[in-house]
Amino acid sequence: MPIAGTKYAPFPAPQLDDRTWPSKRIEKAPIWCSVDLRDGNQALIDPMGHDRKERMFRLLIDMGFPEIEIGFPSASQTDFDFCRWAIEQGDVPDDVDLQVLVQCRPELITRTFEALEGAKTPIIHFYNSTSELQRRVVFAKDVGGIKQIATDAAKMIMDMAAKAGGGYRFQYSPESFTGTELDVALEICNAVIEIVKPTPDNKLIVNLPSTVEMNTPNVYADQIEWMCRNLDNRESLIISLHPHNDRGTGIAATELGLMAGADRGEGTLFGNGERTGNVDVVTLALNMYTQGIDPGLDCTDINRMKEVYEYSNQLKIAERHPYVGELVYTAFSGSHQDAINKGMKARRSANSPVWEVPYLPIDPQDVGRSYEAIIRINSQSGKGGIAYILQADYGLNLPRNLQVEFREIIQHITDEEGKELPSKRIYEEFQKLYVTQPDARIKFVDHHTYPHPEQKGRRILTAEITDNGVTKTIEGKGTGPIDGFVDALSKYLGVKMSVVDYSEHSLQQGSDASAISYVEMVYPGGKLFGVGINDNIVSASLEAVVSAANRVIAK
């Protein structure tokens, strides 16, 4: 690459030493305006036809956008026709205002009014570029010439609106605001304000776009705060943000801009738009939601939002895209999985409605996702993740030491295969190793106990087993069935074994629920677990002993 300092220069930043926005907090959602059907659409390789537009339009209405920019009706017949359809057949709710975009050119303004005939309180969004660079290299005009473009358009629009009987709302954008000197942007905006003559009951939207993101988000916030302080008739204005994402900080720029005094935000679903995209309204809304702020948009079916986005835009959403990507609610890291597992358990036992789960800033169910994909298993996963999957999907509450033991088994498989293991495969491996044991030598069949004739408190156990398919009867002594059965198997197999830990729980609710037992067995070579599942809790325990014994003799 060329030397940075010889090819590029930093963009100037305003001097605002008494800025107040850093101490502010976002306490309510802004007025949202979707520009998917205009800014988003113009950036597509294949712009939307009517069907794709209508599907996006319906979603935006269902989500609750109060303002929707539906196109640039003077720029193409397709946009003009869609504008007419939305007004005549779109069933637009009374609390939704349609917005259209138009350049400050007389013939385009005239066509725009034709497109809006019959609309309820439509917003006419007129704009012209004001940046120093475009004044110099695109328009070859001074500030006065650029201001006249804006004021001539404002006069024409106000005149045509009055002749049409009123009912219109107005929005002005000094396009490329972030590349415009603040005093120039202020001069042009104030000239437009003087012509429109907004009131507190009929406000003018002054949109201050970061058409190209040129600086850090704090600079944009300084620019917004400075404009909010200095614009004429501030109480009759709605200050709007329209950030792009060229530097990857569109979300932060919008949030800081709201802290700096803006009232409104324009953007697109998941950030579609020219170059690196417009700001992502969904991420903004859900960021607010996770801070306890009503976002003003309904994002409860994020899967539908994703499906419509991909159909209408013919674009794919990245797997790591905030809140919507396939992997954003998934942890592979062992320590993360363990923390999530413990957090979910703590939540189930807590009385508080407040969501507090490590590594999950939002409850996936709030946006229509399930808990199934929270934890997925690969070579980086730990015992907590595996335990969570077996508990969440199959109702197994593994003792901690069994979690550690089984994690080593799964770790070996994932290392060997080099890929993720799905939940079903993990359960199958658990069943094969501990429960069904298809290649096991010993199988439990039945048992009986009766009091020891000479030792009070002890019992004699006789058990029927099969050894490689051959039926055998074995006998042992102990304080109960498990103790006696371990004694019988130890003598029969010639291996000293004893139980050091035992636990059990039901697998379903109700009187006919199956029981699962976990037995940790110590033997001369170490310790390992066995697991048994049976409708009878005692039989489940003895099957767990056999499970452990089979693993001992297989060593």
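Using N, Cα and C of the backbone, Cβ positions are placed for all residues, glycine too.
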Residue in D39, D46, D51 which Swiss-Prot records at the Mg(2+) site where H242, H244, N278 also bind: D39
Within the predicted model, mean pLDDT of the region 'Regulatory domain' (437-555): 93
Candidate with the highest Cβ count within 10 Å, taken from the binding-site residues D39, H244, N278: N278
Under 8 Å by Cβ from H242 (Mg(2+) binding site), same chain, sequence gap 6 or more: V35, S173, N207, L208, P209, S210, T211, G265, E266, G267, N278, V279
Mg(2+) site, defined by D39, H242, H244, N278: further same-chain residues with Cβ within 8 Å of the Cβ centre: V35, P209, S210, T211, P243, E266, G267, T268, G273, E274, G277, V279
Local backbone state of H244 (Mg(2+) binding site), from DSSP in three classes: strand
Residues in the region 'Regulatory domain' (437-555) grouped by DSSP into helix, strand and remaining coil: 30 helix, 55 strand, 34 coil
